[in-house]
Amino acid sequence: MTKHYLNSKYQSEQRSSAMKKITMGTASIILGSLVYIGADSQQVNAATEATNATNNQSTQVSQATSQPINFQVQKDGSSEKSHMDDYMQHPGKVIKQNNKYYFQAVLNNASFWKEYKFYNANNQELATTVVNDDKKADTRTINVAVEPGYKSLTTKVHIVVPQINYNHRYTTHLEFEKAIPTLADAAKPNNVKPVQPKPAQPKTPTEQTKPVQPKVEKVKPAVTAPSKNENRQTTKVVSSEATKDQSQTQSARTVKTTQTAQDQNKVQTPVKDVATAKSESNNQAVSDNKSQQTNKVTKQNEVHKQGPSKDSKAKELPKTGLTSVDNFISTVAFATLALLGSLSLLLFKRKESK
């Protein structure tokens, strides 16, 4: 007899059980991942909603103006301080928002305040709204609609303190230190588009001034003519002596002409040196001006590329919903792939079992 572990039926059963375990494990992993991703997406949505709420509150507060004001709660019909004054934080605030005035006060032990109403001098009830209700600190912030010029408010409250079995209704009057003042409107940010600086066009360099070449007057050699007195001499000279005199005068003339030519060359050389030096200095000045202008143009172009400052951009609210949609799509795709794989494995098992 063959052993049980060599039997084909036993092997197929073992394979099917192993495949069942694998499919159950993959299914549990998929379900766990879906639960985790769903919780993560909920946390992300909650965080984005919180940031949106804080941004909206900041914009609302920025549009309102406020000013602190002192007050005292006194007993009805007298100027004596009431116990109710100890259950309110000092000082209060006068707030102007959307062209409406509010007196803002913070109530301590808010759980004791079962009812509170405020009236003006004409015994007209004023609208009250709860701005913030902090259960942990047991405080409550309220806004009472007022008008500029109010000096006092009449209050009717219902206080219940269960620890001491205190349950009482009474009337007081709230006296301001000064009348409700008028407040200026909050300065709204002007959405002014930043002016983009135009790139400065480089100025065309001025035409190079040609160096003025000084005019050099040619010095003519002075030729000494023989004096008339020599011609007037009546003495006769021998022809040999006359020829000697003529040779001497010609040599003197040649010496004088060579000296004048040398002097002229000496005068012309320093003049040329001065002219060349001036032309070189002018050329250097023009090249320096060109380099400075090109540097200015490049700097202005870099500033223009950088664009306007970030301080003029308004605060943008974070984009909500995109991350949750992406997570949902990815999870659905992953789940469908896992299901298709498990179905294919089951079909394969059934074929083998047949």
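We number each residue from 1, going along the chain as drawn.
Glycine residues also receive a Cβ, built from the backbone N, Cα and C atoms like all the rest.
Annotation source Swiss-Prot lists signal peptide at 1-46. What Swiss-Prot records for LYS75, SER82, TYR166 is heme binding site. According to Swiss-Prot, the feature compositional bias 'Low complexity' maps to 203-214. Annotated compositional bias 'Polar residues' per Swiss-Prot: 226-268, 278-298, in sequence order. The annotation compositional bias 'Basic and acidic residues' is assigned in Swiss-Prot to 299-318. Residues annotated as motif 'LPXTG sorting signal' in Swiss-Prot, with sequence analysis given as evidence: 317-321. Feature annotation from Swiss-Prot assigns pentaglycyl murein peptidoglycan amidated threonine to THR320; the stated evidence is sequence analysis.
Secondary structure at SER82 (heme binding site), as computed by DSSP, is coil. Across the residues of the motif 'LPXTG sorting signal' (317-321), the predicted structure has a mean pLDDT of 50. Taking every pair among LYS75, SER82, TYR166, the residues listed as contacting heme, the largest Cα to Cα separation comes to 18 Å. Annotation for TYR166 (heme binding site): spatial neighbours ILE159, VAL160, criterion Cβ-Cβ under 8 Å with sequence separation of six or more. Under 8 Å, Cβ to Cβ, and six or more positions away along its own chain, LYS75 (heme binding site) finds LYS81, SER82, THR172. The Cβ of SER82 (heme binding site) has 20 other Cβ atoms within 10 Å, all protein chains considered.
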